[in-house]
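For reference, the structure discussed in these notes is given below.
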Amino acid sequence: MKLVDAYVFLEELGSLLYKLLEQRDKLREEGYPVPGREVATPLVKYGFVSMLKGGVIMDVTNPEQAIIAEEAGAVGVMVLDKLPYDVRMAGGVARTADVKVIEEVMSSITIPVSAKCRIGHEFEARVLEEVGVDLIDESEVLTPVDEKAHINKWLFKTPFVNGARSLPEALRRIYEGASMIRTKGEPGTGNVAEAVKHIKIVNRDIYMLNGYYRNGDVEAIWVYSKENRVPYELALLTARLGRLPVVNFAAGGIATPADAALMMWLGADGVFVGSGIFKSNDPEARARGIVLATTYWDDPETVLEAQKMVSEKASMLGIDIRRLKPEELMQERGV
């Protein structure tokens, strides 16, 4: 990005943030409950997640896995009670991880520690913030407590990441205070196809909006925002930037170094890897290979080297998404 473009980006982002904060104050004036809690400035939140760009965040369930992730070069870990594949197999209600496990992971490694909360469950999120995690994932992998309303993330000092299958979903989550977006994909399947579909859908709409902006057709951007129930200012900023105004990671079904390189090639800023590493039979080598391929995704020789580090025979057993029932699709949760 050119220096001039960077200044324009920061100016537009600052303007947007002030408007979002004004909206928060308006909600407070209208009587909506807004606890008097310490909040970090949006730029601090965005600054933290920006430092994760180009890296890999790995799902873990214990300190031993977290140590493997750190030694492999991960930029962070995401602590769960069960890996997405096991959540899918176990059924029942999936909740946030055991606080003791999160604390053990935090004391075992030096890289940022994240954790998931259920969609709409403000007090799981508050517990995670009190524990001191660096990033909260309001995740469709866990069982939602509210299918129609997400957490008001402006009330937290900890940055949030949310999943999205489309640009309107992504912009709605950003409007709610998400500092980071990721593709939803279809977690726990070892099949990257849905993540590919989602990032292409997002990219398609961004390309379209950017075309409107370059042609001076702001009315078309306004129509898009109204038809898709997203704030016009966010749609306009996205159109001007030609990308999402926050960091956008890939997630859902990434199981090999080649999968990670593919998502980076499609425009992701980094990747989350869920079950793909620790449901495989070669987690240490696979973790190193995925980090290598993510870092050097634009160098085919290095991606080949990374792919040689893993064995297909050791890969997690994948799930054919076409055989899943509609109620089994996690990506449908919380739109």
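Glycine is no exception: its Cβ is also placed from the backbone N, Cα and C atoms.
Not measured: the values here are computed from a predicted model.
These features come from Swiss-Prot:
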type: ACT_SITE; residues: Lys116; note: active site, schiff-base intermediate with D-ribose 5-phosphate
type: BINDING; residues: Asp59, Gly188, Gly253, Gly274, Ser275; note: D-ribose 5-phosphate binding site
type: BINDING; residues: Lys200; note: D-glyceraldehyde 3-phosphate binding site
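When the Cα atoms are compared, Gly274 (D-ribose 5-phosphate binding site) and Lys116 (active site, schiff-base intermediate with D-ribose 5-phosphate) turn out to be 12 Å apart. The Cα of Lys116 (active site, schiff-base intermediate with D-ribose 5-phosphate) lies closest to that of Asp59, out of the binding-site residues Asp59, Lys200, Gly253. Here the CA atom of the residue listed as 'D-glyceraldehyde 3-phosphate binding site' lies 15 Å from the CA atom of Gly253 (D-ribose 5-phosphate binding site).
Take the CB of the residue listed as 'active site, schiff-base intermediate with D-ribose 5-phosphate' and look out to 10 A: across all protein chains shown you find 28 other CB atoms.
Cβ neighbours of Lys200 (D-glyceraldehyde 3-phosphate binding site) (same chain, under 8 Å, six or more residues apart in sequence): Leu266. Every protein chain considered, the tally of other Cβ atoms within 10 Å of the Cβ of Asp59 (D-ribose 5-phosphate binding site) stands at 29.
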